[in-house]
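Right, one structure below, let's go through it.
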Amino acid sequence: MATKFLSLACIRNESSSSSGSRGGLSPRPHYPSMPKYPKGVAVQQNAMEGSETKSLFSVVGMTCSACAGSVEKAIKRLPGIREAVVDVLNNRVQVLFYPDFVNEETIRETIEDVGFEASLIQDESNERSTQVCRIRINGMTCTSCSSTVESALQAIQGVQKAQVALATEEAEVYYDPKVIGHNQLLTAIEDTGFEAILISTGEDMSKIDLQVDGVRTDNSMRIIEESLEALPGVQAIDLYPELNKISLSYKPDMTGPRTFINVIETTGVSRRFKAKIFPDGGGGKGTHRKEEIKQYYRSFLWSLVFTVPVFLTSMVFMYIPGPKHGLETKVVNMLTVGEILRWVLSTPVQFIIGWRFYSGSYKALRHGSANMDVLIALGTNAAYFYSVYSVLRAATSPHFKGTDFFETSAMLISFILLGKYLEVLAKGKTSDAIAKLMDLTPETATLLTLDEEGNVVNEEEIDGRLIQKNDVIKVIPGTKVASDGFVIWGQSHVNESMITGESRPVAKRKGDTVIGGTMNENGVLHIRATRVGSESALSQIVRLVESAQMAKAPVQKFADRISKFFVPLVIVLSFSTWLAWFLAGKFHGYPESWIPKSMDSFQLALQFGISVMVIACPCALGLATPTAVMVGTGVGASQGVLIKGGQALESAHKVNCIVFDKTGTLTVGKPVVVNTRLLQNMVLAEFYELVAATEASFFSVNSEHPLAKAIVEYAKKFRDDAENPSWPEVKDFVSLTGHGVKAVVRNKEIIVGNKSLMLNENITVPMDAEDILKEAEGQAQTGILVSIDGEVAGVISISDPVKPGAQEVISILKSMKIRCIMVTGDNWGTANSIAKEVGIEVGKDTVIAEAKPEQKAEKVKDLQTSGYTVAMVGDGINDSPALVAADVGMAIGAGTDIAIEAADIVLMKSNLEDVITAIDLSRKTFSRIRLNYIWALGYNVLGIPIAAGALFPSTGFRLPPWIAGAAMAASSVSVVCCSLLLKYYKRPKKLDKLEIHHGGTGVATPTAVVVGTRVGASQGVLIKGGQALESAYKVNCIVFDKTGTLTVGKPVVVKTRLQQNMVLGYFYELVAATKAVVWNKEIIVGNKSLMLNENIVVPMDAEDILREAEGQAQTGVLVSIDGEVAGVISISHPVKPGAQEVISILKSMKIKCIMVTGDNWGTANSIAKEVGTYTVVAGA
């Protein structure tokens, strides 16, 4: 009836809109009969498509499809409308139109003319119509759970893609923020019966939580909120007054956390508010995992408290005469003391400790699915309630003597809890890679304040999370770089192995970029921060690895398909098993001797049925793929190989053909001038002066052109002002794309380019130049002709050297039965020479030269058509079409820019051997997935028949339900542990030999050097190659510096002796002042020689104090006020803990120990005695 009334109301609504102004609606509009596009526009359609505009309108009052139809019809009658889509459920209309013919206001008025209220929704996220939301989901136990949640999310309008990972217990949802919000996603998950916690949304560029102390009223919190909202760049503020917590989302380009803290602390008249980073301790994945482990551990321990007595009373004490008599004592009719005890003890296990299984079953069944909890609940309930029936029957009957199974239900729950505890413990270790990456960020940083001239005026130690864009950070040796940025002062070597996997430290000087989380080794650097918070390379790597672990491998679909019918099938098999054994016993289908003395045929059949139900394990199948993918991608990240999910892993293991780009992949990618041949009599410096001036003009236009850059860099060698050379003035500059450049320099026409450019300019190329060009191509070099005033004056040969180890990599790939092909945009001569050098067979099918980007992609598709699984290895920029077309795209050299959308695998280093590592790791990971599936399926295929009693007739062996439950729990743990073995992955040994070619060694063998340096690094000792190892092996004498080496390096004041009557605070106020004259008093602070030079008498008391200080390994500092010694300050450098023991051990190794210092002899001798060094050099 209500439906009919709604339809009538809607019809009345339409009729009123077509018959005049009724009920407050607008008069009937006039709809001219017009085509979809305006008259005369058909021929311009292609031109118009580029000027389309999309607008979204909110429409109030639509109730059914008839309303939607009238709105859509009205809009489409307007000129210039391409498409109109009406969403009745969300009261929205999306219109695609051509603004040359119609505007948004006209469309809005047309909707209102139909009789509905319309307003334009301002599109605040034009640049991003899709957002990504990550949600933690608590309570999932098997693949059926994750499939249920995934299906619920994908059914929501506005959700474009949803991935739910059982192993990580997270969901990644791609959704349209205009249609749905993340709160609705959380509600949808909670409706399926699981707890949902928001981790992040695409709205948050950067987010930080602050703790605010001193807030006493709600009004104070509102004042703080208003102050923060006024800041530019603040996107959202969430208040948690009960925690004194404020969460801010902001744009790091415009503001930052230090600004927020400053605003909070300066808010209000009293300025009583204090702000700091909110302490960690809740909400993180690691915290949740620890809490989950604790919960399972506590539940297991409590279950043991009740289950152990149940086990003892049913299976141990029954065979001991004394306890047996007590337990068999009858209470009422046939009811015994033992049965009452077992009932009382097993009930808390069944209904309190085991409540999680009831809850999980209800949630699953409510949504039409069945999971592992259903099997456990059915199995334990069958055992428990049959036992209750048996006990009640015994209590009411003087003759009934039954057997209870209370120990079955209690022990079953206990063993399953033990298995879940071990499983979550093991699953936690699968995400160690992400935890290690996140731990790389240093906790503190040294912030520098610079004046207008760039001089340091202040240093301040701050929390590492408070760094903002454009801050200048000081990085001292032995500390981590706090943020991505570039060096503005200093030079050093930085160990980037923790980010890129590159084991050798990288030299850094002014202008070089650095990555946050890397280790500075031997110099002080001043760094300007460029990317902070979520924009940093480390954060991007973490996000990429997390996304990779979320992405399902196609092979996972196999487990998903099985999970849909696995539990129902097991329930059917369990019931069938019970029925078959029960009927066989009822009709004497087997000898009565088969039935144990303590049971009847019904009870035997029941035990077989319960065993079948609880031994089946859907969890092992669900965990087989995601755990292996998690560990594999984590191991890859630690090796500098970022694998974007299961799809990439699965495709990479099948690769049998690799297409290599040449420049920057097989070659270094940095061309250099290797030879110059002059064909006219002129000075080489003058020649390069003219050429460089021409090329510099081109370089200023196209700074990324590698050949122009190489020539200009080489020409600088002939200049005194090499840093900032001033080239001659250039006139009439012309760039000829793909050929070269020409210009007038010093009234001479200069043309620099290839042979075709010279011929086009009617310049004759002499035979000598032709020969030089052929020779250059034969040596894998690019020949460039230079013409001066219409005559060829010289030939410049430019080479892009082959990467070290490229030949060996190609050789190893061939031994792995992988075909290698090279594509390049370079000429055929150079291409063939490079191919020969690296070991790729020269032929029309294996070397493709002068190829454009789209031709590279076509070659990849041709190979796929021929049946190859193709990987494309390139730099991710010019090769992006081929990277997308390939089955696996590998991007080379993405050290700080890992967001390469085209690639499936990102190789953080520029080393070619990582191609082999990626393929080998994918093969190892996939073989582990296969092994997991074999184990999980094999376990169920073998376990279910044994539990059903398949061996019982022939061997008398049956599987009690509690043992079946233990076996089920063990299967999940074993699958996770099998995946965890991937953590010990070692890349192919052949690659270790390649690593040595980069650095060279002394006597030490390559294997020993690699193992030695890696073990050293794991112990915190960085050994720079085999030469250092060899020299260290021979050491028989060690010279120690004192300050900072044998001592802690942080001096502290230990004693102050005043020589004048004054307050100690006043004394230190004078000493601490930076000026020489304080309050009209002349202050001199220094050693004894300074006092004597200033003609200040050092009294005997002060002399004694100085000697006493030296005897105690302290430094005595004299303080003079107005020409008289006023006090002596004793400063100590404490000896490092363990220094004495280290010196002693070194002496036992026959190594001589010497100490050198710039300190005085007294202090030096005291320190030497304390640590046990006998040879001392002081005042050095």
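Each residue, glycine too, has its Cβ placed from N, Cα and C.
Database features (TrEMBL):
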- 14-36: region 'Disordered' (REGION)
- 15-26: compositional bias 'Low complexity' (COMPBIAS)
- 53-119: domain 'HMA' (DOMAIN)
- 131-197: domain 'HMA' (DOMAIN)
- 206-272: domain 'HMA' (DOMAIN)
- 299-320: transmembrane segment (TRANSMEM)
- 340-358: transmembrane segment (TRANSMEM)
- 370-389: transmembrane segment (TRANSMEM)
- 409-426: transmembrane segment (TRANSMEM)
- 565-584: transmembrane segment (TRANSMEM)
- 604-624: transmembrane segment (TRANSMEM)
- 933-953: transmembrane segment (TRANSMEM)
- 959-982: transmembrane segment (TRANSMEM)
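If one looks beyond the transmembrane segment (299-320) by at least 6 residues along the same chain, the residues whose Cβ comes under 8 Å of a Cβ in the stretch are 327, 338, 341-342, 345-346, 348-349, 353, 356, 404, 406-407, 410-411, 413-414, 417-418, 421. In this chain, the transmembrane segment (340-358) lies out of contact with the transmembrane segment (565-584); the count of Cβ pairs under 8 Å, excluding pairs fewer than 6 apart in sequence, is fewer than 3. In this chain, the transmembrane segment (409-426) lies close to the transmembrane segment (959-982): three or more C-beta pairs between them fall below 8 angstroms, excluding pairs fewer than 6 positions apart. Within its own chain, the transmembrane segment (959-982) has Cβ neighbours under 8 Å at 376, 379, 383, 405, 407-408, 411-413, 415-416, 418-420, 422-423, 426-427, 429-430, 607, 610-612, 614-617, 619-620, 623-624, 627-628, 630-632, 635, 924-925, 928, 931-932, 935-936, 939, 943, 946-947, counting only residues six or more beyond its boundaries. The domain 'HMA' (206-272) scores a mean pLDDT of 81 in the predicted structure. Across the domain 'HMA' (206-272), DSSP assigns 24 helix, 21 strand, 22 coil. Each residue in the domain 'HMA' (53-119) gets a DSSP state, and the totals come to 23 helix, 24 strand, 20 coil.
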